[in-house]
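Record features, source TrEMBL:
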DOMAIN    26-316  domain 'Major facilitator superfamily (MFS) profile'
TRANSMEM  63-80  transmembrane segment
TRANSMEM  92-110  transmembrane segment
TRANSMEM  116-139  transmembrane segment
TRANSMEM  151-173  transmembrane segment
TRANSMEM  179-201  transmembrane segment
TRANSMEM  222-243  transmembrane segment
TRANSMEM  249-272  transmembrane segment
TRANSMEM  293-314  transmembrane segment
Amino acid sequence: MPIPLPEMQVDGGPKAFQSPARKLVLLVIFCLAQFLDGVNNSSLLSALPALDNSMGMTSSQSTWVISAFQLTFASFLLISGRISDVYNPKTAFIGGVSGICVISICSGFVDSKIPIIICRALCGIASAMTIPSALSLIINVFPDPLQQARAIGVFGGCGAVAGVFGLLIGAMFVEWVSYHWVFWFSAIVAAPVALAGVFLIPPSQVAETVDSLEPTAAKWKNLDLVGISILTVAIILFIFAVTSGSTDGWASAMVLAPLIISILMMVAFFYWETLIPLENAAIPPRTWFYNNFCVLVVVGLLPYFWWFAVVTIFNT
């Protein structure tokens with residue numbers, strides 16, 4: 001007997017019954033996407049020495065293979081949630097996973113410095129599309145608060161597990177095959193996830209808001225593309241200055257110029273956020289005034305900095 005395709009909840013309306021098996025399969029799909037993001041971030045750390053030798057990269061250049069993914073992932077994570085709200089979380093999720101698949105296939109065939117960094121940056125954008133959309137879909141699939149909390153906990157845990165297993169996966173491929181398979185592994189996992197998502201993720205209906213009533217072609221105006229662009233360029237210049245300081249000297253123009261420009265652009269970003277409508281801002285100014293928000297940001301970053309410092313030092 002065919003299982004009827006359930007509809008997603010809209011504005012607190014009724015939700016069609018979904019079997020526990022279907023919910024479990026959907027959770028596995030969302031967790032695999034989260035796992036992919038973690039693997040894409042950590043597996044290259046193990047493969048970096050082999051990749052450096054193959055492409056003749058210096059230590060400062062190889063930093064960008066990792067940083068390119070992390071920078072675009074972090075920057076576009078702000079706007080990807082807005083894209084899910086304005087358009088459709090199912091579309092954003094499938095588009096992000098499909099992008100990971102295509103870009104990973106291309107990355108496996110690249111043997112040059114600049115193209116591999118560009119591919120990593122594009123993969124970071126695609127990965128950022130999967131997180132907010134997956135969370136939105138989990139909330140709709142698991143309306144019960146207890147089930148929802150457990151599902152989100154498992155979803156977040158998969159990212160942490162991927163951070164560890166990514167190191168092992170990258171090391172095994174480099175040892176037994178080649179670093180190219182680190183990229184192709186992501187494509188092999190992403191392809192069935194995207195395909196399963198097309199058929200199994202129930203269609204989500206966007207609530208009747210001003211965003212949903214606008215023509216599809218005009219919805220991009222509700223995205224803070226200017227702010228995200230300023231923030232991304234600022235972070236890239238800052239990382240470039242920090243990574244170049246040890247080789248070019250901290251007093252050189254190649255370090256000071258991008259460092260100063262990045263700080264000015266960061267100030268410009270926060271000023272820009274005060275000028276645009278609150279609902280369109282990537283980081284609304286009031287965010288920083290939530291109770292304990294700044295404290296939580298610092299506490300969340302500290303173990304992350306420690307982890308990557310240790311991994312970078314002892315990885316080789």
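Yeah, the Cβs are placed from backbone N, Cα and C, and that goes for glycine too.
63-80 is the stretch from 63-80, 116-139, 179-201, 293-314 with the greatest number of Cβ pairs below 8 Å to the transmembrane segment (222-243). The stretch in closest packing with the transmembrane segment (63-80), judged by the count of Cβ pairs under 8 Å and taken from 92-110, 116-139, 179-201, 293-314, is 116-139.
Residues of the same chain lying 6 or more positions beyond the ends of the transmembrane segment (293-314) and with a Cβ under 8 Å from any Cβ of it are 42, 45, 163, 167, 287. When Cβ-Cβ distances below 8 Å are used as the criterion, the transmembrane segment (92-110) is approached by residues 30, 33, 36, 40, 80, 83-84, 116, 119-120, 122-123, 125-130, 132-134, 137, 180-181, 183-187, 190-191, 193-194, 197-198, 201 of the same chain, each at least six residues removed from its ends. Mean predicted confidence for the domain 'Major facilitator superfamily (MFS) profile' (26-316): the pLDDT average there is 84.
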